[in-house]
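Notes follow once the structure below has been shown.
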Amino acid sequence: MSFHKSLICRQIWSRRDASPPAFLKFRSSTIFIVFTVCLAIFTDILFYGLIVPVLPFSLSEQIGIPQEKVQHWTAVLLACYNAALFVGSPIAGLYADHTSSRRWPFLLGLVALCTSTLLLCLSKTITLLVLGRLLQGLSAAIVWSVGLALLVDTVGNDIGYTMGYVNIAISVGLLISPAIGGAVYDVAGYYAVYYIAFAVICCDIALRLALIEKKVARKWFVEPEHNRSPNPADRDASTVDYCKDGEKQDEGGTSPTRNVTSQQGPASAPPRLSGKHPAFELVKSRRILVALLGIFLEASIVLAFDTVVPIYVKDTFGWSSTAAGLVFICVMIPGFASPIVGKLADRHGAKWFSVVGFASSVPALVCLRFVTNDTLGHKVLLCALLTVLGVTLITIANTPLMAEIGYAVEEREARQPGIWGEKGVHGIAYGLFTTCFALGGTVGSLMAGYINAGPGWGTTTWSLGVLAAFGAVMSFWLGPDPAAHPSSMERDQIHTPSGAV
């Protein structure tokens, strides 16, 4: 065994002169990669939420827009962000699937983020402000599409468990950003809000630059046969041995279409059924389409609340904007249990969690129509129902739906090896996920705003209940237990005999 390790090391060293990067084990560890992606998503949401309460003042004070046109331009800027997110997400995912490394498009998102932050902070014309919002949407498209694909590449079979932590990052960002933005603006002024944004972005930059993908790190690692784990997420850097010259066995990338070899026989790859157009095959998958529809409905309901609840509690209870923001704590706090739900979804699949989550939210949504008076009982009822929705929609339904995209891609690859081509389709898959989320948020916000302004609060709540009921019905077409089929990542762990190099 030592002879083969030495031979491997010499062969790799002859092809590669660079020494391992500093702190390679930590920088390529699953924990560090997951934390980096979650912070990137948190940064995107935090920055978006920070400037929402500041934009009206920016338009009037920085740009000089007349007060009667502030609402119009606020809507235009929101549309610019959503348009860039909608169009940019699948493009960013497709680009990520055709590059040798997810890290480079991930870093490209930093350029868009930094540029958009500077434009939004320093703009004195409406044209530059619109450009800043477009770049902010493009940055979000890259972060979500590439970041989620990077997570799936990294964590192996723990997709749902990891998406639970992503859900926590989303919840925390949505929870604290509007309150911080409004409070800091009131106390310290316009530019102080952006000082916070720049501080968080600096941390994000440092982590993204430090990140090293696992498939890149394997060029410096050699892993003993007895330490190989069937789950790539369990292969911690502490279980690997370094070669004397600092190099490690090159196991290749993490592409789900790598050759599969037998444990009993010589290395031989089975016939591959490579799809000519993997992205087209992706949108033909019933399981993928149902998951994307679920994400669309989820976003429609959740973002509808962001539109109508602050206005309704202000008119009904006379609450300030700060109090209206704080009521969303009831929705977001249950999201901290998302990793537990994700872990269960990894074992049992997303189907029944999604069905139960959507179905359980229907009574809570309909019962919101009974919150009508400025009394303590009605305020308690509102908070209780929002907490129930946080459990059912944010925690039980949303986390497994996010993971279902990865489950579906892996299950199809296990049944038809090579169907997704050489690079795989996780990037474009989560690009479509982000597109559906953006589209659902836009449709839900517009629908809820118009219904609430017309027929009223009661009609708004039961309309959202209808969407949830439809989500529960369509969830029956989601995929089976992930353990029912071997994932492509599990098949990749079948290795050659110890005598093969």
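Just so you know, glycine gets a Cβ as well, placed from its N, Cα and C.
Any TrEMBL annotation is an automated prediction that lacks curation.
Under the heading compositional bias 'Basic and acidic residues', TrEMBL lists 226-251. The compositional bias 'Polar residues' feature in TrEMBL is assigned to 252-266. The annotation domain 'Major facilitator superfamily (MFS) profile' is assigned in TrEMBL to 33-483. Annotation source TrEMBL lists region 'Disordered' at 226-273. The annotation transmembrane segment is assigned in TrEMBL to 31-55, 75-95, 107-128, 134-152, 164-185, 191-211, 288-313, 319-340, 352-372, 384-407, 428-451, 457-479.
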Can you name the far-off residues of the same chain, 6+ from the ends of the transmembrane segment (134-152), with a Cβ under 8 Å from a Cβ of it?
33-34, 37, 40-41, 43-44, 47-48, 80-85, 87-93, 96-97, 102-103, 105-106, 108-110, 112-113, 115-117, 119-120, 159, 162-163, 166, 213, 402, 405-406, 409, 426-431, 433-434, 437
Which range out of 164-185, 288-313, 319-340, 384-407, 428-451 gives the transmembrane segment (352-372) the most CB pairs under 8 Å?
384-407
Under 8 angstroms for C-beta pairs, at least 3 of them, ignoring pairs fewer than 6 apart in sequence. Is the transmembrane segment (75-95) in contact with the transmembrane segment (457-479) by that rule?
no
Assess whether the transmembrane segment (384-407) lies in contact with the transmembrane segment (191-211), where contact requires at least three Cβ pairs under 8 Å among residues 6 or more apart in sequence.
no
Could you tell me what the rest of the chain brings near the transmembrane segment (164-185), counting residues at least six beyond its ends with Cβ under 8 Å?
34, 37-39, 41-54, 57, 148, 151, 192-193, 196, 321-322, 325-326, 328-329, 332-333, 335-336, 338-343, 394-395, 398-399, 402
Residues of the same chain, at least six outside the transmembrane segment (428-451), with any C-beta under 8 angstroms of its C-beta?
79, 82, 85-86, 89-94, 96-97, 140-141, 144-145, 148-149, 152, 278-279, 282-283, 288, 291-293, 295-308, 402, 405-406, 408-409, 459-460, 463-464, 467
Going through 191-211, 288-313, 319-340 one by one, which has the most CB pairs that fall under 8 Å from the transmembrane segment (457-479)?
288-313
